Amino acid sequence: MGRRRSHERRDLPPNLYIRNNGYYCYRDPRTGKEFGLGRDRRIAITEAIQANIELLSGNRRESLIDRIKGADAITLHAWLDRYETILSERGIRPKTLLDYASKIRAIRRKLPDKPLADISTKEVAAMLNTYVAEGKSASAKLIRSTLVDVFREAIAEGHVATNPVTATRTAKSEVRRSRLTANEYVAIYHAAEPLPIWLRLAMDLAVVTGQRVGDLCRMKWSDINDNHLHIEQSKTGAKLAIPLTLTIDALNISLADTLQQCREASSSETIIASKHHDPLSPKTVSKYFTKARNASGLSFDGNPPTFHELRSLSARLYRNQIGDKFAQRLLGHKSDSMAARYRDSRGREWDKIEIDK
């Protein structure tokens, strides 16, 4: 027969004890570990009863208070649906929306669909760390950036009070792709001679205009008027008017001469075209550039340069030849004043590139 409880202990719930100094402790019946509850008898009894209920139920049932608190709570996946609507209302370009959609799908896969306010920093950090462990630090950075915005919008609509993502570490990712020099460009250009002529024309057009491969493939002869090549960048929406007199001195490539060679090579609607006069895809251009690069015999530190590196080479050569501001304008990178002017014109005006040597 167990020892009878004293008067002070008689009305206490199981597992709650009072010390001689009037201090209450709760003993976990599973481990024997004790937890201090202070000297307030009413609070100690309430917390002990709640703990006993939780331990007895084995957490199989959601408590009443949790049900009350969660009645109007939005879950992560439901909020991501709302977030996609918010993105569509921002006027973001379709390509950028597709990029967002890819990251949102990853978030849905990796994080549990529970009340948004219950998503913890620990859960987010664990999810991001899985990408880092797989050597995908760049993906971790992009997904983290998206998640920061997801919760920022949730705060704006009153669903959560804090952002659990901002406390996580930003993954460090190294740019492993090698830069391309002018001499290496020439070596790859010569290695491309056995390949279709459109590859060398695309290379020259890329380096003299500084544009992305996707925009190169979309260039049409109808884009040329008033002695300028007009380009609307698919990624940024920047509208550039590049003078046909533009020449990149380090490689002795002029835009006018390159366009003339393109005209002689094909009668297609697009400036760069296959031997059958069909438009080329960015994937095809990049693949053939890789063939020429591999055939050149050049070796590189880190990952070898891709066709996209021609844009960086163009920027560096023009920076040395004309200046940094010119290079930035040619690439479509706007200064604050230019961005303001572009916003004011609602994108109707072309940024006419001027050569000021």
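Each Cβ is built from the backbone N, Cα and C atoms, and glycine gets one as well.
Per Swiss-Prot, these features apply:
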DOMAIN    74-155  domain 'Core-binding (CB)'
DOMAIN    175-355  domain 'Tyr recombinase'
ACT_SITE  Arg212  active site
ACT_SITE  Lys235  active site
ACT_SITE  His308  active site
ACT_SITE  Arg311  active site
ACT_SITE  His333  active site
ACT_SITE  Tyr342  active site, O-(3'-phospho-DNA)-tyrosine intermediate
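In the structure as shown, the Cβ atom of Arg311 (active site) sits within 10 Å of 21 other Cβ atoms.
The secondary structure of His333 (active site), as reduced to three states from DSSP, is coil rather than helix or strand. Highest Cβ count within 10 Å among the active-site residues Arg212, His308, His333: Arg212.
Nearest to Arg311 (active site) in space, judged by Cα atoms and limited to the active-site residues Arg212, Lys235, His333, is Arg212. Around the Cβ of Lys235 (active site), a 10 Å sphere holds 13 further Cβ atoms from the protein chains shown. Checked against His308 (active site) by C-alpha proximity, the active-site residues Arg212, Lys235, His333 yield Arg212 as the nearest.
Under DSSP, the residues of the domain 'Core-binding (CB)' (74-155) split into helix, strand and coil as follows: 65 helix, 2 strand, 15 coil.
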